[in-house]
Amino acid sequence: MAGEVASIKKKDKLVTSILFWCALIVVSSVYTTTPLIDVFSDYFSTTRTHAAWTSSSFSLFYAIGFLFFGPLSDRFGRKNIILTGLLALGILTPLIGMTDQLEWVVALRGIQGFFAATFAPTALAYAFEMFPKQKLVTVIGFLSFGYVTAGIFGQVLAGGISNYLGWQSVFVVFGLFYLITFAVVLLFLPRDYKRFKYSGLKRYLYQITTLFKYRNLVLCYLITITLLLTFVGMYTVLGNYLGNEPFQLTETEILYIRAFGFIGMLLSPLAGRLVNTFGLIAMLKFGLSLSSICLVLMGLSSSLLLIIITSILFVGGISLLFPVIMLLIGEFGGEQRALASSLYAFILFIGATAGPLIAVILMSLGNYMITFTVLSFLLAIGIPASFFIKYENASYS
């Protein structure tokens, strides 16, 4: 009996590790072009606004893909959809590095984003179905940790590869990662066998509209759209901010400062303990308040040390918000959890689509202080919204 329990624990750890790695490497593609916007602007002799579409096209089609692959995973199985996405990414991603036209980079990034959407909503539904409730918050914590860590990992790895090997090599390396990950998932991720009846497009669209009848879900979605909008927007601004007066940092120095964000991400795996101690809603309010304040301080400060500290704390607050929001939507979604999660991911990355564009436009219209302040205001909208979410705290220990 003891041996059987140990075997189950070992299997759970393996599955959790695979899901974490998939979350990290798939979602990293959202951020690979964030540090490359200036590189693309110079290489293709275009404006930063046009170059920013290499990020926004991915996020837009990533968001659209969520509406397709969540329901498809109901019909064809979670693992099958994840495998399809990884194989497509392994083939498509290197093609981006083989083009010399910005229009093709933007188009291929959009296709890449669409197939990258196979993972996030599918993995969340997979976790809810394959793990008992007492282990769920830990698994979702690691999934969220992978998603949020990708925000720094993708930028740092892409920036490092670009600095030493050229921007084209970024996509070749990530393509190899996806093919290796495909093999790992194929061999080691347990297959799910539960299937749901496909009810047709009309019924599916109707089900989406019914989700907006639930106030708690609507409020969660309102908060959701601000998360990656401000996260991607902040890092889009930060690189330009530190590269100019009064800091004038090099690309390598900016890369190191981006890497400091890893420290803030350590809050994500601790989400389970914090939620059990203080409650989901309290952690939601805390994360929103902390990150909003840090954005304002970043815009006001002329101290590099303070900017580094507040950027770490900003990331920490965002890292805490992801698992909290995912848990709330999973609970409020009930039997329509996969659909609610797909809509969550769609809204999340609509925000990510807007983030770099809003940041670049704000920088062109005003100054860095105004840009950071507006981003802070957008995130802070979630604070009053959080007071109207009604939830009875359950134990996830």
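Heads up, the Cβ atoms here are built off N, Cα and C, so glycines get one too.
Here TrEMBL flags 15-394 as domain 'Major facilitator superfamily (MFS) profile'. For 14-31, 51-69, 81-98, 104-124, 136-158, 164-189, 218-242, 254-271, 278-298, 304-329, 341-362, 368-389, the entry in TrEMBL reads transmembrane segment.
Put simply, of 104-124, 218-242, 278-298, 304-329, the stretch with the most CB pairs closer than 8 A to the transmembrane segment (136-158) is 304-329. Highlighted: of the candidate stretches 14-31, 104-124, 218-242, 278-298, 368-389, 14-31 has the greatest count of Cβ pairs under 8 Å to the transmembrane segment (164-189).
The listed stretches are 81-98, 104-124, 254-271, 368-389; of these, 368-389 has the most Cβ pairs under 8 Å to the transmembrane segment (278-298). Nonlocal intrachain contacts for the transmembrane segment (104-124), taken as residues 6+ away from its ends with a CB within less than 8 angstroms of a stretch CB, comprise 19, 22-23, 26-27, 29-30, 33, 40, 53-55, 57-66, 68-70, 73, 78, 81-82, 84-86, 88-89, 92-93, 95-96, 140, 143, 147, 326, 330, 337-338, 341-342, 344-345. Through the fold, the transmembrane segment (254-271) approaches residues 35, 137-138, 140-142, 144-145, 148-149, 151-153, 155-156, 159-160, 163, 235, 238-239, 242-243, 283, 307-308, 311-320, 322-324 of its own chain, all at least 6 residues removed from its boundaries and within a Cβ separation under 8 Å.
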